[in-house]
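A.B. asks: Okay, handing you the structure first.
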Amino acid sequence: MSPPSLFFSDWSGRDNQKGTPVVVKMENQNYSLVQIDGPEVAVTLKSMDKGAKGKNAKQFTWVLLLRAHRAVGCVAWLASGFWGVLGAIKKRFAHSKACDESEKPGKRSLLYKFIKAFLAFALIFLAFEMFAHWKGWQLQQPELHLPENMANFHLPETEEIKGWLEKAYIFWLSVRVDYVAYPIQLLSNFCVILFLIQSVDRLILCLGCFWIKVRNLKPRIKEDVNGSGGDLESAGSGSYHPMVLVQIPMCNEKEVYEQSISTVCQLDWPKDRLLIQVLDDSDDEMIRNLISAEVDKWKEKGVNILYRHRLVRTGYKAGNLKSAMSCEYVKNYEFVAIFDADFQPNPDFLKQTVPHFRDNPELGLVQARWVFVNKEENLLTRLQNINLCFHFEVEQQVNGVFLNFFGFNGTAGVWRIKALEDSGGWLERTTVEDMDIAVRAHLQGWKFIYVDDVRALCELPESFETYRKQQHRWHSGPMQLFRLCLPAIVKSKISIWKKANLVFLFFLLRKLILPFYSFTLFCVILPLTMFIPEAELPLWVICYVPVTMSILNILPSPKSFPFVIPYLLFENTMSVTKFNAMISGLFQLGSSYEWVVTKKAGRSSSEPDLLSIGEHPKAELSRRVSDGGLLDLGNKWKEQPELTRRVSDGGFLDLDKLKEDKAKESKAKKRNKIYKNELALALLLLTAAVRSLLSAQGIHFYFLLFQGITFLVVGLDLIGEQVS
């Protein structure tokens, strides 16, 4: 299929085509058929009633007019929608502020400068090529007698050259053929090879997952002395109840702290063998008071829970966990379970994970799966769900079953404390402390297992701004870690094939090569080949293989199959952020050390309840605070000032201050933002799409068109949560 021609003479085709006959059956029985034979519009009418010819001819005319009216209405509707989109874009530009999240203000990224320069050259070359096309120097089909590198275009003859512009065009063609096309083709072939290697790796992972399903190869709890076998319930309720420490690291998590603490406090485990640490790094005093009050509430219920707050937030999450593990009482515990602030494990979580450690002294980590409460909130969360379902069900499960190693996900996992200590504990050297401790534990010989049937609820980022920051941290940190761990990997005593798996598969292929070829191939080389047609990119690289890989990614979440094309386009769009993050981590740029806490929506929060108390003090004399703590307002409203104290004094909050701060926050309107990298690439790809029309490259045109539109949508922050 090729895009529509730019020449009106090709559309009419009166001289070289007759069209296809169209047969139309009429409902009126007086006519048997109407035959419209191409451009000549030969109409033959066979009538059973000659007296009714005029009447039925008018009916036929009205049918044609009705169809024309519908066509005009459709065009008007499309025009209205187009102007509506333009109005929305104009409004977004007027009420949004441009940002580049990965770089600080005043230090624009080199990537953005490169894209701008690329776009400027693309626009110049497009204008030049369109002028040459108008002059009749359009691209032609290859001729057999021409050299291979000159078979894709028509060089003007000497007598055709009449001015300096024509001479410049001839010079450009010569430079393009002799010097530009070859290196671009080499880079293209290199990226295609990387693409195929990564695709083979993805296919092998899928086959491994299929084999696990067929053979039912999943971790099972060893039979205990009571003969409970692999039954999780009976094994968990037996006599095996080691000392377990549960840690909940958080920082300014006012939306989700309550539900997280409440869920963890309801874990089904003997209270005398369980200790919960709430590790709060919040710098907001009011949020600290809220969290401390929640902890006090559960402590009064008999839960063994402690509240810890650091005055200086050094090392981010790694520093928080390291500080908590240094407590003297930690030596009394054998295992530690970690849950981020938005995670809600099932009550039987410990009973389904801790028994795996019994009689398995080499086991260092049991990782559970994440499931998402807001996966259908918007298009962005749906696309994230596709990625993470594949990550857990395929990548983590296959690596856990066949290699006993995978990257720790940072939460919803249980560690053997001895494994943490043997590996050097939590280190503050990167922003991916979870991957860091997993690699060091693997080098020490510890084994990991992944249990796909044990799941913990959590949230997905609902705004593109939050998701973009998260992905930047997730893709810059591994490159930091690779630089730091490479000498230790080489010197370690693990087998050669395990070293090769760590270096070539775990780090290079899945953390470096994937964002590199994805950005270079689809955002740089593909637009280039439109302006350098001698450097060709095969059709199967653009269409068939990416679609096949996208379908494989969606298999773990079959309900997302209708989103296969949006998923493919969005992943290519995210390659800009991932490539930028990978480069910043690999070369130790400033943005690779930034840690931004992922914002949560918080489907249930105690803050509205607190505000309602302040607004309606006489409605109820006592109300629940955080689903359990009671704020006794007394018999008289005049006593309230004495009861609204700091947590350290009496367990109460200053509700007036909370209400005032909440009002200020509501007045500060949030805005969707504009992302310049994505917008510049959108214009570049759309420019390349226009250039592809001159070459009549059908699939290339449609891919560039829809990919450019996707970049435009993302650049204007029209995907995800809309808060303007």
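Glycine residues also receive a Cβ, built from the backbone N, Cα and C atoms like all the rest.
Given the structure is predicted, the values throughout are model-derived calculations rather than measurements.
These came from TrEMBL, pasted as-is:
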- 336-532: domain 'Glycosyltransferase 2-like' (DOMAIN)
- 68-89: transmembrane segment (TRANSMEM)
- 110-134: transmembrane segment (TRANSMEM)
- 186-212: transmembrane segment (TRANSMEM)
- 502-531: transmembrane segment (TRANSMEM)
- 537-555: transmembrane segment (TRANSMEM)
- 674-693: transmembrane segment (TRANSMEM)
- 699-719: transmembrane segment (TRANSMEM)
A.B. asks: For the domain 'Glycosyltransferase 2-like' (336-532), what's the mean pLDDT in this predicted model?
C.D. replies: 94
A.B. asks: Going along the chain, which residues at least six beyond the ends of the transmembrane segment (502-531) come within the CB cut-off of under 8 Å?
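C.D. replies: Same-chain contacts beyond the flanks: 118, 122, 125-126, 129, 184, 187-188, 191-192, 194-195, 197-198, 201, 407, 439, 442, 475, 478-479, 481-482, 486, 489, 537, 541-542, 571-572, 575-576, 578-579, 581-582, 586, 681, 684-685, 687-689, 691-692, 695, 697, 700, 703-704, 707.
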A.B. asks: Which range wins on Cβ pairs under 8 Å with the transmembrane segment (110-134): 68-89, 186-212, 537-555, 674-693, 699-719?
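C.D. replies: Per the Cβ under 8 Å count, 674-693.
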A.B. asks: Hey, which of 68-89, 186-212, 537-555, 699-719 has the most Cβ-Cβ pairs under 8 Å against the transmembrane segment (674-693)?
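C.D. replies: Checked against 68-89, 186-212, 537-555, 699-719; highest Cβ contact count belongs to 699-719.
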